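Student: Quick one: the structure is below, and I'll ask about it shortly.
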Amino acid sequence: MSSASTTAHSVVEPSANSKRLAGFLVILYAVISMIPLAWIFATGWKTPPDSISYPPKVVFDPSLEGYCNLFTTRTRQTQDYIEAQGPPQGACDEVTRKREMVIAGPSNYVPRFINSLIIAFGSTFLAVALGVLSAYAFSRFKIPLADDLLFFILSTRMMPPIAVAIPIYLMYRELGLSDSALGMILLYTAVNVSLAVWLLKGFIDEIPREYEEAAMIDGYTRLHAFFKVVLPQAATGIAATAIFCLIFAWNEYAFAVLLTSGRAQTAPPFIPTIIGEGGMDWPAVGAGTTLFLIPIVVFTVLLRKHLLRGITFGAVRK
Amino acid sequence: MAEIRVEDLQKRFGEFVAVKRSSFTVADGEFVVLLGPSGCGKTTTLRMIAGLELPTSGRILLGGDDVTFHRAGERDIAFVFQLFALYPHMNVRQNIAFPLKCQGMSRSEVARRVAEAGRILRIEHILDKPVSGLSGGDRQRVALGRAIVREPKCFLMDEPLGALDSEFRHVMCGELRGLHDRLKATTVYVTHDQLEAMSMADKIAVMNKGVIEQYATPQEIYQRPVSMFVADFIGSPSMNFLRFQSALAPGDDVVSLGEARIGIPAIREAVPAAELALGVRPEHIRFDDGSSLRGEVYGTEYLGTTQIVTVDTAFGQVKARTGSDIRVADGSHVGLSFDAARLSLFRASDGGCIRSALYEGSTHG
Ligand SMILES: Nc1ncnc2c1ncn2[C@@H]1O[C@H](COP(=O)(O)OP(=O)(O)OP(=O)(O)O)[C@@H](O)[C@H]1O
Ligand SMILES: [Mg+2]
């Protein structure tokens, strides 16, 4: 504290000590929240015995077994049968043979992952597109009962979505939407669109009308002005909204379990089924979860420039 | 360029009438200022001319064509907003070119027009900069650039200098008027700043509560205000009103304020006994020990070459502008005399003016 006497105190600048404390707390929080992720990541590279050893192993010999098991299905065979196959083909074959098994074929992880991509990005796109259009309408036009409508839109979020699971299950079965990508896209869009309308309305309210009016005076139609002037300026809000929608759709588990089982199954309900396939295959689960995180991380990193401004929900301008 | 004619224009927002039966004509190439206090309907009037707001009733003609219900984009006008409305995702050049892009103009023509606008406004050096870092004055010029590239029928400006600090506003006033003199563009300009209005306008429309009270040249409005509101709103310090009771007959050229008999321009109408207000500009007051209109000096505001002396009289407080060489002590008693030919008379009840020789040869609002 001796340095404090030599430097002038500023009322607005945080002191060096408080900055240090803030930095320490942020790092501490980051570390704590990263530990489970780090553990999942590490588990993906362990052998099954290492993954359940007690005390837990922090230092271990990395193994490809988790990733091999994730992408393949295997059958147990006799030693004689395995030897009759000739030399192992590739690293996975070798790892599998050590466990007295042979690769029977690819697992369902890749198709399930692709389902997740289609459903999550598709519903996010739809929710944001619908959201931005209706948010614009709510923001710019005199709509009868606008406040009540907005409240109604929000009220769809007031109960946990799973509360309507049974009716939706019955409805989907009736309509033939069960276990279809279209059904899941519609469902996630319906859940997300209320969030999207509310978030985006805030962002669009912040954009002065004068921008569109100027464009309309210059001869642009309202639709043109919307695309050329409003959308670019709402980019921040759209990015933030898209991330929230994507995270929900990507991680959604309960409806996915209920409504998908085969063709349209997404990754979240699929990953737990790995556990059952060949004993407690935690490394494969770790590997599957690690890969599952990647799209969200990539998407967030790509949009982070917008996000940093957008996530304050327009509270801080410019 | 074209004439703007506004006929009987009215705008309601629910029960509230924002603009009441306004009519005025802006001649081709004229610079007209809509002046009035906040909330009087200036912006609403301008937005109706632009087509951003539809009138409840009335007509708007641009260059002789009835455009009352035309869309804004079909009217061929340019609008400069108070906040400039520069698109933050485009640089200066793109901002200025934006209005031309939707007309399907060739690239070379767009480039030529943008370069020309840049030259006229002396902003060639910032054409490739983003708009976010620009100073207020440069933003203003870019907004003007976006208006002039179109070569529209007329310019509408809503307090375009409102966001600038007062010193710079003065400079921009000069620039705007200079630009108008070169382009000879029909312009309607909205402001609540009387100095801006007086210094730039060919004609001023003074608005109050949705009504255009007077539409005339700045000189006319200053010298022959047709209502107490106009007289009070224009001029700084504003016109003094001395209230008294009297009846007047045509030809009267003297009114009695208590003991004092004060010469006025000859009255042209009969006025039954009522409360009247004698309007006197501060610069038309002299100290005169021979006058029987007397008062006590309340205070003095020194302004350099002139000073404002506040005097309490039996008819209300009066501010006089005198040379600063005259010395008057606070509390001293002085006599006041007025420049008879310059006085106006108003009915206190409705603020309307009483017709007199002062208004002869002038257009009556
Ligand atoms: N869309 C609207 N709905 C309801 N009332 C409105 C609307 N637009 C304007 N008004 C009202 O009409 C009146 C005139 O508004 P206007 O914006 O024309 O005033 P102004 O003279 O431009 O004032 P200022 O100097 O504050 O800009 C105000 O009382 C305002 O509250
Ligand atoms: Mg206004």
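Cβ coordinates come from backbone N, Cα and C, glycine included.
Automatic, uncurated: that is what TrEMBL annotation is.
So TrEMBL lists these for the protein:
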TRANSMEM  A:21-42  transmembrane segment
TRANSMEM  A:113-137  transmembrane segment
DOMAIN    A:113-303  domain 'ABC transmembrane type-1'
TRANSMEM  A:149-172  transmembrane segment
TRANSMEM  A:184-204  transmembrane segment
TRANSMEM  A:225-250  transmembrane segment
TRANSMEM  A:282-303  transmembrane segment
Student: What else in the chain is close to the transmembrane segment (A:149-172), if you only count residues 6 or more beyond its ends and a Cβ gap under 8 Å?
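Tutor: Counting only partners 6 or more residues beyond its ends, the transmembrane segment (A:149-172) has Cβ contacts under 8 Å with 138, 143, 178, 183, 187, 190-191, 193-195, 197-198, 201, 254-255, 258-259.
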Student: How about long-range neighbours of the transmembrane segment (A:113-137): same chain, 6 or more residues beyond its ends, C-beta under 8 Å?
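Tutor: Non-local partners: 143, 181, 184-189, 192-193, 195-201, 203-204, 226, 230-231, 234, 238, 241-242, 245-246, 249-250, 260, 263-268, 291-292, 295.
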Student: Between the transmembrane segment (A:282-303) and the transmembrane segment (A:21-42), are there three or more C-beta pairs closer than 8 Å, counting only pairs 6 or more apart along the chain?
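Tutor: Yes, since the transmembrane segment (A:282-303) and the transmembrane segment (A:21-42) share at least 3 Cβ pairs closer than 8 Å, they count as touching.
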